[in-house]
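Going by TrEMBL, these are the annotated features:
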- I10, G11, C12, G13, H14, M15, A66, T67, K68, P69: NADP(+) binding site (BINDING)
- 7-92: domain 'Pyrroline-5-carboxylate reductase catalytic N-terminal' (DOMAIN)
- 158-263: domain 'Pyrroline-5-carboxylate reductase dimerisation' (DOMAIN)
Amino acid sequence: MTKLPSILLIGCGHMGNAMLQGWLKKGLEPSVVFDRVPVNLPAPHKDVTSVNDIPKDFRPKAIILATKPDQAAEIIPSLAPFAKDAVILSILGGRNLDWLKAQFGKEQAIIRVMPNTPAELGLGMTSVVPDDAVTEAQKQLTNDLLHAVGEVAWLDSEKDMDITTAIAGCGPAYIFLLAELLQKIAEEKGLSKDLARLLARQTVIGSAALLGHSKQESEALRKAVATPNGITERAINVLIDSKAWPESLSKAIQAAAERSKEMSS
């Protein structure tokens, strides 16, 4: 198995750790992770709790910015010795390419990245948009890293990052909310918590797996369950004909996209 290139991961919170776990499973060249909480990486990798402890001779192929956005400006100046020959992959929410260029300098190769948490299982969906300084080799390196944790979509324009964030970046939370609500309603209808949890979780898990393995569109899979005049069709009609679900989901996605745009401006 070809190893993934060495990286410097700055921040190992929920999203950073999800990607790190996916990369470790695929095989990383010796890498360094900075986080204020010890990560306890296996050898030959190294984790540090201060940027001053990053080995001075370490030269990563990529630097992944995964800190909280308000911490990034404080940390970025310390990364200059490691950034010259690296491509910056920023997963900072609400920090656009112009902001990143102002921090790193115009010559720095930077790619804005929006992954989601299923990356931990190699099932992530990551949207990316590069700046003009990124080389073809760096794009390929980025593809290698991100395809190791799921699918990758290269965007034609940075403005598309807001809606892709709202759909895929936030998307897992919508699915988890569905499972949460199914369980809650099952309990309200008299089922035990354990049974309600099993029904809700396995239904979501199995349906997602079926969607992933099928060549049919999601609409066709839905209609295959909702046979005419059947039980499922009556439920679907309530959700669709009343427009409650489509309109609420559309408003939620629009709100997320607008918030992404606000944070990037």
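The backbone N, Cα and C atoms fix where each Cβ goes, and this holds for glycine too.
All protein chains shown were included, and the count of other CB atoms within 10 Å of the CB of C12 (NADP(+) binding site) stands at 24. Break the domain 'Pyrroline-5-carboxylate reductase dimerisation' (158-263) down by DSSP state and the numbers are 90 helix, 0 strand, 16 coil. Take the mean position of the Cβ atoms of I10, G11, C12, G13, H14, M15, A66, T67, K68, P69, the recorded NADP(+) site; other residues of that chain with a Cβ within 8 Å of it are G16, D35, L65, Q71, I91, L92. Here K68 (NADP(+) binding site) comes close to G11, G13: these same-chain residues lie at least six apart in sequence, with C-beta atoms under 8 angstroms from its C-beta. Within the same chain, residues at least six positions away from A66 (NADP(+) binding site) with a Cβ under 8 Å of its Cβ are L9, I10, G11, C12, G13, M15, G16, M19, I91, L92. Non-local contacts of H14 (NADP(+) binding site) by the CB criterion (under 8 A, 6+ apart in sequence, same chain) comprise T117. The domain 'Pyrroline-5-carboxylate reductase catalytic N-terminal' (7-92) scores a mean pLDDT of 91 in the predicted structure.
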